[in-house]
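S.K.: Structure incoming, see below.
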Amino acid sequence: MTVPLKRIDKIRWEIPKFDKRMRVPGRVYADDVLLEKMKSDRTLEQAANVAMLPGIYKYSIVMPDGHQGYGFPIGGVAAFDVNEGVISPGGIGYDINCLAPGSKVLTEHGYWLKVEELPEKFKLQGVKVYNLDEGHNDTSNVAFVAEREVETGEMAVRVTTESGRIIEGSEDHPVLTPEGYVYLGNLKEGNLVIVYPFEGVEYEERKGVILDEDAFKDEDPQVLSFLREKGLVPLRWDDPRIGTIARILGFAFGDGYLGEMGGRLTLTFYGKEETLRELKKDLERLGISANLYVRESIETTSGHSEGKSLSIELRVTSRSFALFLEKLGMPRGKKTEKAYRVPGWILEAPLWVKRNFLAGLFAADGSIVEFKGNTPLPINLTQSKSDELAENLVEFLGDVAKLLAEFGIETTLYEVKSKKGVTYRLSIVGEDSIRTFVERINYEYDPEKKVKGLIAAAYLKLKERIVKEAHEAVKDDFPTFEEFAKERGYEGGFVAEKVVKVERVKPEYTKFYDIGVYHEAHNFIANGIVVHNCGVRLIRTNLTEKDVRPRIKQLVDTLFKNVPSGVGSQGRVRLHWTQIDDVLVDGAKWAVDNGYGWEEDLERLEEGGRMEGADPDAVSQRAKQRGAPQLGSLGSGNHFLEVQVVDKIFDPEVAKVYGLFEGQVVVMVHTGSRGLGHQVASDYLRIMERAIRKYRIPWPDRELVSVPFQSEEGQRYFSAMKAAANFAWANRQMITHWVRESFQEVFRQDPEDLGMSIVYDVAHNIGKVEEHEVDGKKVKVIVHRKGATRAFPPGHEAIPKIYRDVGQPVLIPGSMGTASYVLAGTEGAMKETFGSTCHGAGRVLSRKAATRQYRGDRIRQELLNRGIYVRAASMRVVAEEAPGAYKNVDNVVKVVSEAGIAKLVARMRPIGVAKG
C-alpha cells in the first residue's frame, strides 16, 4: 500500500484520511532520513490502519524511532475514548516469529495445509496442538494468521532431524524440545526436538452436495427440521465437519449398531470407556448428545461373545441423527445378518475423507500395531457374517482394501476359522505398508491404539532412513520398538528426535508466516515438529568516571555474574508459578517488601511501580509458568545493563533536580516482563480474535485485533496487562538490588554511601487510562504506547513530587555503544501526543540482518578500542545489537526536542555493557 504524506514542517508529517475507513489522520514525527526508513517497511501503513479503529482521538501517531511492528507500528501512540474506544494487545507490545512458506500445518482431520494457504481457509480449520500440561495431542481453532516480508539479505534456518523431517523458518521461531522452547537459530546438532509422527495427506477441495433434503422427503418433517437446525442437511463436501462425520461412520461400521430399541430407532456404539468418550466429543461437535451406559456384556452385533463381563455403550437417542447415518450408508440391524458395502460417497471422496473413515473403522475393528523385536507384525481387520453373506463380506473387505491401496498400502485377504458363520481377515502386510498406515491413516478414538501407532510411525521412519543410508539391514544394536518407545516416546504419541543438521539458507521466497491458536498450549505442528512488555530504569551514583574506569571490567563482570541474563535466563529467586500472584498485584512494592530495595525507590517509579487493578486471575497458568522462573532476570536481545557516564548537560536546572552532573557514573537497566508479558499478549490476541466479530469492529489488518475497552474481554485484558507491567517493575526492582550489591562488591562501600538512588523508571510498552484535552474538552482515554514513553509536563499530579516543578524524567536508551539521553516531559507533548514521546533509537536492521552484516567478536573489539567493555552471553547477541543496526539516537531525540514533545536534559555515553 502506498501511503500519502503531507509535510507540515521540517519534522512533522501528516497521513491524510486517504482511506474512507480512517477516522482521524496520521501524525508522523521524523526528519527526512528517519522517514525514508519508515517508508521501507509497513510503518506508515500500520499507522493508517490504527487510524481506522473506533473511538480514536486526534491522530494515529508515529514517533521518530518508529518501525514496523505487529499491528501497531513500534514507536506508535494512539488514544481511544474509554467508553467508545478499543484496546489492542498489538498496540501495547507483541512480536511474531515465522516459518517458511510450504511448511505443512497438520489439522484435526489428518490432512495438512501449507501455512501460506491458511489465511484463506483458517476459519474452517482446527489444527493439531501439543497439550504440554496434560501430555497429549489436542485440537484448536486458528486464532490468526500472520505474515511478514523476508528482509533483504535475511537468512532462514533449516533444521533436519534424524528421520529426515525438515523445518525452515526465521532464526527466532520457537521449537519445542524436551527442555522447553528453543529458537530455531539456537538449535545445534545432537539436540532433541519434539515431533508428532503422523503425516496425514494433502488437503483436496471438493464442491457439491453429498446428501440433500430430498433424501428425507418420506420421513417425519421433524427429522428434516432437526437436521437443518444442526446444519447437517444439505451436507456438502466443503462442510468443515465432513472429516468428523466420516470417522464416526467408519467407527459405526465396526462397533456401531443402528436398530430399534424399545420401539424407537437408536444408534449405539460399543467399546472401551476411553474410546467412547473420545467418540462422544466428536458427536458433540456435531451438536448430537449421547449418553454412556455400563451394562452386562452380551454377544455384540459383530457376533463376538464377550462373556459375562461389564461393557460400556454410548447411546444416541436422536432418531434424526440415526436416519442421517443410515442415509450415509450405515446398515440398519445386526450387521452380521445384513449385506452392505463401503458407501459410494466414501469411495468417491477426497483422500483425506477416506483417511478419516478408515481411521474410525480400524479404531473399532482393527488390531493394535505390535512388534517382534524391531519388526512390525501385520495389522488385521477382522469381520464376521452369517454363512449366506460370505460373498458380501469379501466384497466389503475388498472395498476397504481398495481404499488402503490408494494410500500405497498392500493387503492380503483370507478366511479364518470361526465357530459361527464365516470370518475373514484383511491384513496389512510388509513394513512399508504398515509404516504408511500408521503415518497417514492411523487410528482415531482409541487412545491406546493411536499412541502406539504414532510412536510406531516414528520408529519405522527412523529405521527406514537408517537402512536407506547404510544400504543394509539395521544392526544388532538398533533398539527394539519397546526400547525406543520407552526412551523417546511421550504421552499423546509425541516423540523426541535428534537434530542431525542445522543450516543457514537463503530464502527462495519473499514472506514468512505464523499462526496463532486459541488453545492454551499456543503451539501447532509444522512438518511434524511442534513449534510456537518493557521499560527502562536509571540509577545514579556519586562516583565519577575517574573512580570507575580502572575497575570497569571487574564491575561489568560482577554485574554479569549477579544479574541472570540470556535467552531463557532464569532468576536467582525460585518461586513456583502458584506463588507469583502477589508479584502481579504489588509489583515493585512486593520486591521492596521482600528486601529488594529501599522504600524511597517506589517514589521514583512510574505508577509507583504498581498499577492498581491488576488481576492475577486474568493471567493464564501458562503465562505464570513462563514468568515465575524468569523473575529477577535480564533476558536477551536489546535488554541490557549499561554503566554510563554523563558527558553533557543541556539543562543544568532540571539536571540538578534529577541529581545528575557531568562526569557522573550512572547505570541504565532495560528489561521487562519477560515470557509472562509475551504470553499475556498471545493469550488475549486469541481471545479477542474470537470476540471481534461479536462486536463488529472494523478489522483493517489481521494483526490489528481489538475489542471495546469496556467489554468483558477488554477489561480482563487490561487487568492482565497491568499484572504483566507489575511483574516488569518487580523484575527491574530486583535487578536494581543486585546492581547495588555488585557496586558494593567492587567498591567496598554501601550502596547508600555510593548515592545509588533511582532517578526514574518508565514503561514503554503499556496502556494507560489518562485524562487529556481534545478539542477544548477534558476526556478520559486509554492511551496505547507501543515503543513510546510517557512524557508528562511540569505540574502534572502523576509525577513524583520531587520532579513536579520540572517535568517527568524521560529515559531514552541508545543502541549498544552509542549515547543515551535523559529528557523531560513538556506541555507540547500533552497538547500534541497525549503526553508521549519516543523510547529509543529504533531498529533499521532486523536481528537476522545484523548477524549477517556484523561479527560479534569484531564489534566487541571495536567497542573495547573506544573504551567500552562488553560482556555478553553470546557473540551473536553482540552482532544483533551492533550500533549500526539502529537509527541514530541523536537524530531521534533531536526531532522530539525540535517538536517540543520533550526537552533535552542530559546525555550519557557507555563505558561498560552487560547483555543477555
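Placement of Cβ uses the backbone N, Cα and C atoms for every residue, glycine included.
Found this in Swiss-Prot, in case it helps:
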type     : residues                                       : note
BINDING  : D95, C534, H639                                : Mn(2+) 1 binding site
DOMAIN   : 248-409                                        : domain 'DOD-type homing endonuclease'
BINDING  : C534, H670, H764                               : Mn(2+) 2 binding site
BINDING  : 638-642, 764-765, 813-816, S820, 839-842, K915 : GMP binding site
ACT_SITE : H839                                           : active site, GMP-histidine intermediate
S.K.: Counting Cβ neighbours within 10 Å across all chains shown, tell me which of the binding-site residues N765, S815 comes out on top.
M.R.: N765
S.K.: Mean pLDDT, the domain 'DOD-type homing endonuclease' (248-409)?
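M.R.: Summing pLDDT over the domain 'DOD-type homing endonuclease' (248-409) and dividing by its length gives 91.
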S.K.: Between the binding-site residues L641, S815, H839, which lies closest to H764 (Mn(2+) 2 binding site), Cα to Cα?
M.R.: H839
S.K.: Once the chains shown are all counted, how many other Cβ atoms turn up within 10 Å of the Cβ of H764 (Mn(2+) 2 binding site)?
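M.R.: If we count other Cβ atoms within 10 Å of H764 (Mn(2+) 2 binding site), we arrive at 29.
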S.K.: Who sits close to H839 (GMP binding site): which same-chain residues at least 6 apart have their Cβ under 8 Å from its Cβ?
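M.R.: In sequence order, the residues whose Cβ lies under 8 Å from that of H839 (GMP binding site) (at least 6 apart) are M63, D65, G75, V536, H764, R785, G787, A788, T789, I812.
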S.K.: How big is the Cα-to-Cα gap, in Å, between S815 (GMP binding site) and H670 (Mn(2+) 2 binding site)?
M.R.: 11
S.K.: What whole-number Å value do you get for the CA-CA distance of L641 (GMP binding site) and H670 (Mn(2+) 2 binding site)?
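M.R.: Spelling it out, the Cα of L641 (GMP binding site) and the Cα of H670 (Mn(2+) 2 binding site) are 7 Å apart.
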S.K.: Between the Cα atoms of N765 (GMP binding site) and H670 (Mn(2+) 2 binding site), what distance do you get, rounded to the nearest Å?
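M.R.: The separation of the Cα atoms works out to 12 Å.
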